[in-house]
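If you look up Swiss-Prot, you'll see Lys191 marked as active site, proton acceptor, on the strength of sequence analysis. Residues or ranges marked as NADPH binding site by Swiss-Prot on the basis of sequence analysis: Trp11, Arg34, Lys107, Ala140, Arg255, Ile279, Glu281. Positions annotated as sn-glycerol 3-phosphate binding site by Swiss-Prot, on the basis of sequence analysis: Lys107, Gly136, Ser138, Lys191, Asp244, Ser254, Arg255, Asn256.
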Amino acid sequence: MRIAVMGAGAWGTALALSLCASTASSHQVTLWTRSRQHLADLVSQRINRRYFSAFPLPASLRLTAGLEEAVEDAELALIVVPVSGLRETLREIAASGKKIPVIWGCKGFESQSAKLPHQVAEEEYAGAAPYGVLSGPSFALEIAQGLPAALTLASRDGEFAREVAAQLHAPRLRVYSCTDVVGVETGGAVKNVISIAAGICDGMGFGSNARAALITRGLAEITRLGLKLGGRMETFLGLTGVGDLILTCTGDLSRNRRVGLALAAGRSLPDILQELGHIAEGVHTAREVLRLSHLLGIEMPITKGVCSILDDGVPAGQAVEALLNREPKSEIY
């Protein structure tokens with residue numbers, strides 16, 4: 001299959017490396033970057049120095065900074081840009097006149113609009129071609145290393161989801177299919193917020209019991225919001241729900257967890273993000289999720305606590321105390 005990977009960040013580069021290395025399918029892969037300077041570095045070095053300096057880009061991987069060139073003969077576009085760049089990328093693909101199926105790998109809600117990626121696609125790409133989302137517990141570095149992983153490809157077009165999942169499936173990358181786009185996207189977005197909270201919990205030395213409780217109650221928040229938005233319960237118990245949540249709340253490669261650890265140490269958010277050097281989607285997503293929870297009348301105390309730290313300057317310890325001192329209630333409600 002001819003695949004255009006749109007975005008040469010960590011996740012886009014990892015997917016491109018994985019697709020090129022696949023022995024199960026013979027893919028022709030193009031990696032697109034918006035930056036011509038980045039392209040020049042990739043071409044001259046044949047490595048992505050910023051993210052994966054230890055992994056040479058294979059000779060078969062085509063590189064370009066021209067969007068029309070990237071999608072010209074592609075049979076599938078994998079859009080791997082932050083949520084903030086999804087709308088523009090979809091709009092540019094549509095403007096190219098190439099009506100090719102698209103899959104995105106970003107996780108979060110669009111800032112200001114609080115829209116999930118599929119809602120952005122409905123506005124910018126509806127009717128052009130089938131589309132869907134690729135999500136699940138996956139650190140880009142481990143995908144680049146060829147370590148085993150399992151993901152879910154969701155599309156409202158079930159046949160399309162099954163066909164693309166089969167194409168992306170590889171010996172060490174198992175890809176499942178489903179039709180619950182809302183559930184998959186909600187799990188992938190909100191888990192980043194819970195991951196910040198988990199980092200705060202670990203950074204303050206609260207131990208394994210507290211972390212387990214936080215992850216479990218975080219899953220409850222994800223499920224409440226997801227069901228209200230139209231997702232299915234079983235999705236939140238799968239790879240893109242509890243699976244992704246566990247990984248990002250416990251793995252040392254999680255950017256959002258690292259933000260939480262630094263907040264617990266008393267560091268300022270601007271300094272944390274500057275040192276991180278990469279986007280931590282949970283920071284932006286937290287605000288949109290909290291706004292949605294108010295609009296929909298959903299109780300999300302962990303999300304509220306994270307936002308109080310990020311936006312209101314509440315010390316991490318004080319926010320945790322506020323959570324612990326909430327009125328007792330039934331676990332299931």
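Every residue gets a Cβ built from N, Cα and C, even glycine.
Secondary structure from DSSP puts Glu281 (NADPH binding site) in a helix. Spatially, by CA atoms, the binding-site residues Arg34, Ala140, Arg255 include one closest to the residue listed as 'active site, proton acceptor', and that is Arg255. In sequence order, Pro82, Arg255 are the residues near Ile279 (NADPH binding site), counting only same-chain partners six or more apart with C-beta under 8 A. When the binding-site residues Trp11, Arg34, Lys107 are compared by Cα distance to Ser138 (sn-glycerol 3-phosphate binding site), the shortest distance belongs to Trp11. DSSP assigns Lys191 (active site, proton acceptor) to a helix in the three-state reduction. Within the same chain, residues at least six positions away from Asp244 (sn-glycerol 3-phosphate binding site) with a Cβ under 8 Å of its Cβ are Ser135, Gly136, Pro137, Gly187, Gly188, Lys191.
Here Asn256 (sn-glycerol 3-phosphate binding site) comes close to Asn192, Val193, Ser195, Ile196, Gly199, Thr248, Ala280, Glu281, Gly282, Val283: these same-chain residues lie at least six apart in sequence, with C-beta atoms under 8 angstroms from its C-beta. Closest to Ser254 (sn-glycerol 3-phosphate binding site) in space, going by CA atoms and restricting to the binding-site residues Trp11, Arg34, Lys107, Ala140, is Ala140. Fewest other C-beta atoms within 10 angstroms, among the recorded positions Arg34, Lys107, Lys191, Arg255, are seen around Arg34.
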